[in-house]
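The following features are taken from TrEMBL:
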ACT_SITE  294  active site, proton acceptor
ACT_SITE  381  active site, proton donor
BINDING   132, 133, 134, 264, 265, 266, 267, 268, 269, 548, 549, 550  peptide binding site
BINDING   293, 297, 316  Zn(2+) binding site
DOMAIN    461-592  domain 'Peptidase M1 leukotriene A4 hydrolase/aminopeptidase C-terminal'
């Protein structure tokens with residue numbers, strides 16, 4: 001039985017140490033024909049059977065150390081997929097390794113993969129494929145122990161049509177003409193740092209790259225690559241700021257891939273290859289926050305990983321904390337405070353959406369029979385950050401608390417961790433201040449739904465400046481100053497105008513002329529909520545012309561809740577469903593009942 005409620009694999013009886021992947025990408029059939037060799041270590045004596053996670057895979061054959069192994073596919077579960085039960089033709093004793101080789105093919109509807117036709121790309125000439133495995137979708141691409149408590153290295157060779165380029169969450173290891181088909185190219189990749197399966201990533205398309213730093217390139221279709229190189233030019237400064245805070249970056253490369261618009265998230269911290277939404281190139285000045293966030297994951301998430309998705313806040317709360325510490329280093333402490341206030345507002349939005357009594361708003365929820373995609377929200381990010389910030393205040397400020405964060409990373413690097421292990425380390429690190437830690441209402445923070453028991457007192461200096469500017473009769477007029485802070489790091493000042501109630505036609509002119517998708521999103525959501533009919537077509541356009549779930553889901557929800565346009569919301573969704581990412585379309589379908 002798995003100790004991870006989201007996985008079938010037997011993580012207490014054996015553990016995968018390495019994957020060797022051979023992938024052949026078939027764009028005509030929208031499948032990957034593949035073979036994976038798993039190096040598996042037995043954790044008990046007389047070990048002779050194991051279970052792997054799969055989802056919609058067609059398994060052709062299984063061998064163990066080259067000998068045929070019998071296998072059966074269990075019953076299909078709604079979101080966990082199908083267990084692959086393998087019986088070895090021999091026994092292993094504890095500590096012995098076996099190479100289990102599975103030959104298989106993915107399904108055209110694999111939830112980890114989105115296949116784009118040439119018309120869905122910027123260049124409109126070549127198809128495009130990208131994967132998104134977090135949280136539990138790797139099993140639809142590779143049969144594996146698909147749990148974040150298992151970490152392994154990997155090697156991959158990928159055959160693709162010769163006009164296309166392949167990138168992965170690993171270091172490139174050369175390319176050659178495919179010896180089996182000279183119309184194809186074989187790309188090779190090596191990942192030497194052990195990592196969980198959800199961080200395996202592949203993208204194939206008409207990609208180009210530009211160097212943006214000594215260890216970084218940005219990749220995208222050629223139509224965007226120069227703009228991307230300009231926008232991500234601060235990457236090395238952020239990497240250095242992160243290293244100053246938490247120690248050396250161990251992954252070698254830090255490349256960025258700008259994806260097509262249907263990518264469902266702002267960013268994804270795949271090692272050596274951060275994924276980024278193209279909305280960041282459309283003037284979305286959360287750009288620096290997204291990249292600071294994904295860089296921070298190189299330590300919290302990728303190096304130290306939540307043991308199951310119930311402890312997701314360990315990944316995200318610490319990463320938001322580090323992201324804001326990078327902002328503090330590169331901008332100011334007031335800037336960090338300003339971002340923290342915005343995060344508290346996002347947390348309130350999530351709690352309102354789920355309902356204040358919904359157990360999915362617990363910092364540590366139970367995910368027994370819960371699809372992790374449906375549990376996803378800003379709660380682990382912002383409730384997690386609020387707890388860490390509250391502890392920072394109690395324990396003596398940012399410098400003191402960063403000492404703990406560094407110690408936590410050192411203690412659990414290359415491993416996976418639970419909330420209890422984190423808390424035990426906190427108590428042992430601050431062993432002389434245990435009386436303070438004992439006063440924290442741990443049950444209210446961890447296991448109680450709704451807003452946290454304590455609201456931190458953030459410094460409002462920058463927010464006050466924005467609000468007083470928004471109340472000026474001169475704003476917005478040409479030549480009138482932009483809202484602070486002027487740093488490229490953020491446009492939160494602009495967002496605050498909307499929050500501050502600048503909801504008249506002057507605000508509309510300002511906001512509609514803003515390319516910034518974050519501002520456009522907040523404004524359109526407010527317009528629909530206020531039942532302003534002219535905004536509905538604009539909101540539907542934004543919900544469908546890009547696929548970032550942070551924008552798409554709330555816009556569809558607001559229009560659906562506007563009784564007069566409920567049917568229109570459903571009609572537009574159905575018309576665009578086929579072009580959407582599988583995770584996005586599944587969740588929007590649930591939102592629209």
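Glycine residues also receive a Cβ, built from the backbone N, Cα and C atoms like all the rest.
The residues near the Zn(2+) site, meaning same-chain residues not in 293, 297, 316 whose C-beta sits within 8 angstroms of the mean position of the site's C-beta atoms, are 269, 294, 296, 300, 301, 315, 319, 320, 322, 323, 381, in sequence order. Rounded to the nearest whole angstrom, the C-alpha distance between residue 267 (peptide binding site) and residue 294 (active site, proton acceptor) is 7. Computed over the domain 'Peptidase M1 leukotriene A4 hydrolase/aminopeptidase C-terminal' (461-592), the whole-number mean pLDDT of the model equals 78. Checking Cα-Cα distances from residue 294 (active site, proton acceptor) against the binding-site residues (132, 265, 269) with a 10 Å cut-off leaves 269, in sequence order. Of all the binding-site residues given, namely 132, 134, 265, 269, 549, those whose Cα is no farther than the 10 Å limit from the Cα of residue 293 (Zn(2+) binding site) are 269. Put simply, of the binding-site residues 132, 134, 265, 316, 549, the one whose Cα is nearest the Cα of residue 381 (active site, proton donor) is 316.
Between the farthest pair of Cα atoms in the peptide binding residues (132, 133, 134, 264, 265, 266, 267, 268, 269, 548, 549, 550), the distance is 18 Å. A sphere of 10 angstroms centred on the C-beta of residue 134 (peptide binding site) encloses 25 other C-beta atoms. Cα to Cα, residue 132 (peptide binding site) and residue 297 (Zn(2+) binding site) are separated by 16 Å.
A separation of roughly 13 Å, to the nearest angstrom, links the Cα atoms of residue 134 (peptide binding site) and residue 297 (Zn(2+) binding site). Note on proximity: among 265, 269, 549, the binding-site residues of the record, the Cα nearest residue 316 (Zn(2+) binding site) is that of 269.
If you take the Cα of residue 269 (peptide binding site) and the Cα of residue 297 (Zn(2+) binding site), they are about 6 angstrom apart, rounded to a whole number.
Recorded residues residue 549 (peptide binding site) and residue 297 (Zn(2+) binding site) have their alpha carbons 20 Å apart, per Cα-Cα distance.
Other Cβ atoms within 10 Å of the Cβ of the residue listed as 'active site, proton donor', summed over all protein chains shown, number 23.
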